[in-house]
């Protein structure tokens, strides 16, 4: 028994001794503390080492014999030593330590609570994860292609774990004839409101000509607070990672809400992508009469959206605005999913889509995340939205990643309809084969609804004048659409993604739900006011006879319409038909209209006695006056919104575990819902679904 107990006793392994030995040069412990460290278990050793490094970062004296100095004692001794140095007539010593440098390059210095100052030599970058507010105090930096110069307003930067990490790069800027001493004096004056004398001296010791100084501040927005308030979503912005490199930089960045990342995790564009961006920016800046129309295409998860954001930021460095046409239903950039929209972008895009939901210039709610079952309606909607483009600024067109079979033919139709001046085609070694979309190839290919050039009858029309009168041709009738010339630009992509064929659908579903949450965050009051639960907000009351109803994605019996509308994501639209004059409702539409959508909301309840819809939406009242149609599609409310409602007692509304999958239509995959049979086969309990009652 005694032998077995001895065997169970934990003995420090070789790996443990190596870690302790690596820690010795940094901690500079005396002999007795090292002997005590040898007798501690690994958990106690980690805790002790963390305390020692914290005290070291605070400037403690380590040669204290057998005493282990705490963080508070280290701070007290630091203040005492500072008073002694102030009272002594001897000149102050160099605050920069003569031993091995603790702070890596580029250096970071704390600048008070929730702030840090970063010095970037020319050509170096700082890759990070988290969210912060970036202000350029001196020089010039670039974030995601957007240039931030000295004196410009601060920018909110979102480097999340769902996308590539962002990097703050120091770039070259013009400097008048000044000596290095004059530049250091100017930078020291700019740092005076943020750093004390010792920190300024330490930071300026790394100063070099053409370097840049950046102020990083903690960022709090209602969008971020609303998203992380749901269980399981806090990891998107900041992840706690165990690390032994605990120093003053670690605490300074932690107070801001970010952490340093490896350079390989940052955003990387290929040389062909940089060359394409440079050429497109040059054309957009030089040509004053005609604005380029840029269509970006390629297969899924190849970097099209990332390229579009970078191109938008680069264009905003030289021009005031950029137009953006969204044709990808599943992964929209500025709106909730299922929309085709036209936007005028005037501010940089420094984050993923769920951090910059914006109001479009024109938008149509298609209602589904794919157009595979209704190509003709998809084309008609794009024509309707594109008709609002005024050609006053460059236009970037984002397309779907479906480029095989019918998807390729649909892309050829879009090229003929939109008449781009430049087509940027992405390719990759790991992607499926896609033919080169040269003008000759497009002219010689039949699309789904258009015909090749040899069969075109009328060739003298231009698209802006002819788009409204375009009629689709059947197999016996030739289409009068003509193809215009464009310049094809190839981009070789090395975009690394964590998506696979198995997890792609679930990953895309999470991004779509985050976009919906980002839109719903507009209901929250601005910071610093606390968040309010959605069920605690006052909804709008809409009479039955004031709006018409239509279920876009499925055929629903008229007696079940209200079941489908209740607790659903609805598009707030305005149609040309006058729905007033009906004594009662609901008013049902026989066909899905192509109409303007002003925003979205949640139908959180239906009052059958008073015949009212209760709609919760961030759309302002002046826009709601024009709404006379509610469209319900396959885009649903994220389950986390329904399942994590705070302040409720008893059964959660609209959620049930008693769901009959044997009913007709109950087992179909609508949106991102899965059938219960799948859960039964895997041994999981039934999922919670919405019980729509009124």
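Heads up, the Cβ atoms here are built off N, Cα and C, so glycines get one too.
What TrEMBL records for 80-101 is region 'Disordered'.
Summarising the annotation, TrEMBL assigns domain 'NOL9 N-terminal' to 114-239.
Per TrEMBL, the feature domain 'Clp1 P-loop' maps to 298-431. For the domain 'Clp1 P-loop' (298-431), the DSSP-based tally of helix, strand and coil residues reads 41 helix, 26 strand, 67 coil.
Break the domain 'NOL9 C-terminal' (537-638) down by DSSP state and the numbers are 15 helix, 37 strand, 50 coil. Residues annotated as domain 'NOL9 C-terminal' in TrEMBL: 537-638.
Across the domain 'Clp1 P-loop' (298-431), the model assigns an average pLDDT of 93.
Across the domain 'NOL9 N-terminal' (114-239), the DSSP tally of helix, strand and coil residues reads 30 helix, 46 strand, 50 coil.
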